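These notes are about the structure you will find just below.
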Amino acid sequence: MTVDNQLKAAAATAVAHPNIALIKYWGKSDERLMIPYVDSLSMTLDILPTVTTVALGPEERTDRVTLDGSPATGDFRQRVVTFLDLLRAMAGRDERAVVDTRNVVPTGAGLASSASGFAALAMAGAAAYGLDLDPTALSRLARRGSASASRSIFGGFAICHAGRGGGAAADQSAYAEPVPVTGLDPALVIALVNAGPKAVSSRAAMRRTVATSPLYQSWAASSKIDLAEMRGALHRGDLAAVGEIAERNALGMHATMLAARPAVRYLSPDTVTVLDSVLRLRADGVAAYATMDAGPNVKVLCHRADAVRVADAVRAAVPDCSVLTAGPGPAALLRTEAGR
Ligand code: ADP
Ligand code: DP6
Ligand code: CO
């Protein structure tokens, strides 16, 4: 690399959005390479972005990481440093980095901060270390930070392939790609029943589920059927079918966690209250379907035209909960110097 290019590549900023899976990823076949057990399919959101700047610091002796302007510590810092080590190995370089990341998305609340966070870090980090990666390679890279992040490289709907074989073959084949969808104008109404951080990280919870839940294998098998049917429903632009499949897939995933030993339970009384309001909406003829991730917050899939009615119903059910409405969002993007 020329000196000029090196200077240009020495700092980069990227923006990425969280994504919510309609067919969930839960469980890894290889924790080191971050290979999911199952395929997953998601919608990237148009709200709650992460903005991350990676600047190389040839003078620095250690990596410096700040989250929302404060020094990151513990596991948060360690996951970023491990990811930077991977970038350095790929680039054949050894400079330390200064990482400034800002989450609009609540961190660790089951709203996919690890997805927007590692998609933004992958994109900014690759650019800062001078790696020229296409979207597929960026998706594989983001997966190493958090498997759900592989999908946030892309906008709209994306499928993440679980990967075939083991080792390098699995690493190569586990990446996300866009799923073209026409004829759907969806919204996800997000009931923020608790924006605080979860007690057990997704990573630890899925490890325990795979190791101890007697229901895990059957959920993984049924998830294959869900995915095949989901692809058909998306292709037809059939929101009711998309919603039904997403809801059963998510409830099945939570059932596997509840059967883990000890149980992993993310759903709270307020979660169930929102689920009841979704059932009432359906009884009233509104196509509304719920999905939940590793946290108590509920995302309700509906037609965009019904989003206000759905949001009102959720607010009425849990009066002190904030409600956000998202649509399909953009792919992760590198910010140009001028746009910074
Ligand atoms: P979530 O439901 O928010 O995705 P997870 O348990 O999957 O929760 O992941 C939370 C972890 O994701 C954090 O502890 C941190 O390691 C990582 N993370 C979140 N935001 C960022 C970010 N902006 N940059 C780097 N890592 C992040
Ligand atoms: C329930 O991708 O956050 O949101 O790969 O260990 O970082 P790690 O876990 P993560 O798990 C996401 C779990 C989920 C479902 C999904 O997004 O597919
Ligand atoms: Co996550």
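Each residue, glycine too, has its Cβ placed from N, Cα and C.
Any TrEMBL annotation is an automated prediction that lacks curation.
If you check TrEMBL, you get these features:
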- 16-165: domain 'Diphosphomevalonate decarboxylase-like N-terminal' (DOMAIN)
- 189-320: domain 'Mvd1 C-terminal' (DOMAIN)
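Secondary structure of the domain 'Mvd1 C-terminal' (189-320) per DSSP (helix as H, G, I; strand as E, B; remaining residues coil): 81 helix, 15 strand, 36 coil. In terms of DSSP secondary structure, the domain 'Diphosphomevalonate decarboxylase-like N-terminal' (16-165) contains 49 helix, 43 strand, 58 coil.
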